[in-house]
Amino acid sequence: MSQSNKKGFMDRFEAVAEKSLLPIAMKLNAQRHLAALRDAFILVLPLTMAGSFIVMLNCAFFAADGFVYDKLMLGKLIPGLTEVAPVLWPANNGTLNILSLLVCFLITRNLVKTLGGDDLIGGLLGFSSFFILYPDLAKTAGGYFGTKGIFVAMFIGFLVGEGFARLSKVEKLQFKMPDSVPPAVARSFKVLIPIFIMIFIVTVVNFLATKVNADGIFPIVYSAIQKPLEGLGQNIGTLLILLTLSNLLWIFGIHGPNTVNAIQSAMFEGPKNDNLAYASANGTAWGAPNEITWQLVDAFGNMGGSGMTIGLIIAIILVSKREDFKSLNKLAIGPAIFNINEPIIFGLPIVLNPIFILPFVILPVVNVFIGYLCIHFEIIPPLAFNVPWTTPGPLAAFFATQEPLALLISLVLVAISVVVYIPFVMAANKSGATE
């Protein structure tokens, strides 16, 4: 194919992406609920970035099975280095591990502000409602404070935001205080009745939810996501379905890998261990008994993090004209090397961004299937050796197979991902001009 033909194809692809995706993006940006959600994720970005860097340092540099720690033999160079990780982990509790709490407050506040209400009190009411619906802390230990509770946080934000803002405008529900009363006191009493009403509504919702599940709405929603997957079999189709769901959940701000982890571990941990035992006994991955393990996803579908965002990052470097993308990219490259991409997911964002949904979800599936075919037709051996998840993308398949050709295949998949992401980044250039 000539250079002009290649350029013509890319131009046509970009034009199609612009024509089909930009109108959707503009409509979503104008929809108040989605705008409130989008702006909430943007506002928590600094904390997300800080948490991502902590995860990168702990998992890659300070963990005994971390890629950098292992390959550079940091344990021998700096004895006791693993003791740094417990010092840093608490920072995660104040960043990534309270994402649902922060998002709940911000969605409610943003929505109330859009509707002309008292946004700060609205945000506090959303925060309060989160805990009304929250299960016994002694049982969950805050497990739904992070991305696991995002769906419910959204529900609370939308319900409380809409309800409080509208009730606050009803004059008969407003307390009128004398002018002599301090403004802060008058402000609080003015919306006292709407607050009572919304707290009562949320309490009723919690009561009804506990009739379905004793622990309330959080486990109901989380189980509803996982339950349909439990009957799937151990095959390439199941693996691709789990991968697709994992990436789709990211589109809504939910940590997809954590959601499907219990199911994929139950299905694919045994085959992975069998492969490792074979490779350890025979000194080679060739002949390992299982073609299909979850390592396929880590090696071929998660380079740079979920969604093959290593391709997106390189595409932004090559063709993006948006200064916000370029600035974010500089901060996101470091974590992305070790497959941590929350800065891209919440900062670009990928969340609720129709321009990037298609490549983010489809590319990993295609790449993993290509990797599977390479194993099935014995181009490379099965993935057998244990590899830390922080191993830089293209190296994961190489270390898992000890086969140089696996590295070449990974690099080709990265190149394909860059090419696929480029027209979508170009479409985002146009989207930025319209925002």
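Using N, Cα and C of the backbone, Cβ positions are placed for all residues, glycine too.
A quick note: this is a predicted structure, and the numbers were derived from the prediction, not measured.
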Segment assigned the feature transmembrane segment in TrEMBL (from 149-168, 349-368): 149-168
Long-range environment of the transmembrane segment (405-426) - Cβ separation under 8 angstroms, sequence gap at least 6: 10, 13-14, 17-18, 21, 299-300, 303, 308, 310-312, 314-316, 318-320, 325, 355-356, 358-359, 363, 367, 370-371, 374, 379-380, 393-398
For the domain 'DOD-type homing endonuclease' (155-254), mean pLDDT (0 to 100): 86
Positions on the same chain near the transmembrane segment (84-108), where near means CB under 8 A and six or more residues out: 36-37, 39-41, 43-44, 47-48, 50-52, 54-55, 57-58, 62-63, 122-127, 129-130, 142, 144-150, 152-154, 156-158, 160-161, 164, 253, 342
Three-state composition of the domain 'DOD-type homing endonuclease' (155-254), taking helix and strand from DSSP: 75 helix, 0 strand, 25 coil
